[in-house]
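Asker: What TrEMBL lists as Mg(2+) binding site is Glu71, Asp144, Ile146, Asp147, Asp290.
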Amino acid sequence: MAAAFALEKQVAISAVLRACRLTSSVFTKLVTSETVTKNDKSPVTVADYAAQAVINSILLRAFPGDPIVGEEDAKVLRAPETEAQKGLRAHVVALANEALKPSPTADERAEWGIGAERTADELLDAIDRGMYEGGPRGRMWALDPIDGTKGFLRGGQYAVCLALIVDSVVQLGVMGCPNLPVDWEKPEGEKGCLFVAVRGQGAATRTLTSPTLHPLHLPPVPPSSYQLLESLEALHSSHSFSALFSQKLGITRPPLRMDSQAKYCALARGDGAIYLRMPTGVGYREKIWDHASGSVLVTEAGGAITDSRGLPLDFGLGRTLGENFGIVAANKQVHARAIQAIKEVKEEEAKL
Ligand SMILES: Nc1ncnc2c1ncn2[C@@H]1O[C@H](COP(=O)(O)O)[C@@H](OP(=O)(O)O)[C@H]1O
Ligand SMILES: [Mg+2]
Ligand SMILES: [Mg+2]
Ligand SMILES: [Mg+2]
């Protein structure tokens, strides 16, 4: 009997790999007119839209009944107000169709719709298939076509993130990190890694080019070599709280700052010991697509992930994780110490 979610895993890997090729190819040619600033002031590029179109097109054909909670929507592309936005739509369509061309080497099936040229309307509809509201029951995919768009724009870390959630529990996570060095110690060496986890079946990694998967287990970390992983963007996670937290745990190494869920990937293979994300007080609610695949990866690599109070993340509340109590992920022993340290820092802050 095939392992649970075997087909979903195969389709998700194929879709994420195709999106990674697309985003990498766009980066070198990206021009400013192909980046739109969203209402919340965050950026979205031609590559975010095209990657969401590709992944949703494949999911729609492979699993027609599954709803998708995707970050982007096609509003700007449907009603372009400027010549630049018209050009953006045409480029999204061209890029998505290019990325959906059949590959003679990949293990893919025709019924996933690979190779069929899509019209602009079909691709915009595929993007908007990501507007599902989420909720506690049933199957749904969570997609972040480019997590860390700011990292993507600065040539730093970003990740194409896809997860399958069933009855509020993340069962499968696939993440592609085109700019992540295969060996963190060799930043100029080969780049591009894929991370895969299925609940109850473990976590694994491979390069973007070779299909061989290598199992991942969070290594034990002695307190003297604890290193914190945190967002590069100070608005996304409180750097000042992290500094107090680090002091509390006697961490002397400087934090490893990078954009996107690449932090979960780094953690799962032992680059950094703790991923800490603390709210900055702007009332932001974390989105499920920013943490779904990372959370199952860390869990399956043998680690623990909770909010800053030690409570589980709830992926069944809708498009967000609800009120923001931060996130902490680490191997189980380090995680328990981290929760205690957070509690102490919060108590000291409350006394001030
Ligand atoms: N004020 C805020 N607090 C926390 N996260 C935020 C935020 N504003 C945006 N984000 C999210 O942070 C993500 C990037 O995570 P990180 O900080 O780990 O690099 C963004 O994903 P996108 O780049 O997909 O929009 C966005 O969803
Ligand atoms: Mg975004
Ligand atoms: Mg994101
Ligand atoms: Mg994104």
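Note: Cβ is positioned from N, Cα and C throughout, glycine not excepted.
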Asker: Taking the centroid of the Cβ atoms of Glu71, Asp144, Ile146, Asp147, Asp290 as the Mg(2+) site, which other residues of that chain lie with their Cβ within 8 Å of it, listed in sequence order?
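Answerer: Residues close to the Mg(2+) site, other than Glu71, Asp144, Ile146, Asp147, Asp290: Leu143, Pro145, Gly148, Thr149, Ala159, Cys161, Ser260, Gln261, Lys287, Trp289.
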Asker: Need the DSSP three-state call for Asp290 (Mg(2+) binding site) to compare against my parser.
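Answerer: The residue in question, Asp290 (Mg(2+) binding site), is helix (DSSP, three-state).
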Asker: For Glu71 (Mg(2+) binding site), which residues of its chain lie six or more apart in sequence with Cβ-Cβ distance below 8 Å?
Answerer: Asp48, Gln52, Gly130, Leu143, Asp144, Pro145, Lys287, Trp289
Asker: Cβ atoms within 10 Å, counted per site: which of Asp147, Asp290 has the most, among these binding-site residues?
Answerer: Asp147
Asker: So what sits near Ile146 (Mg(2+) binding site) in its own chain, CB-to-CB under 8 Å and at least six residues off in sequence?
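Answerer: Expected: Thr23, Thr45, Ala47, Asp48, Ala51, Phe152, Tyr158, Ala159, Val160.
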Asker: According to DSSP, does Asp144 (Mg(2+) binding site) fall in a helix, a strand, or coil?
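Answerer: Asp144 (Mg(2+) binding site) sits in a strand per DSSP.
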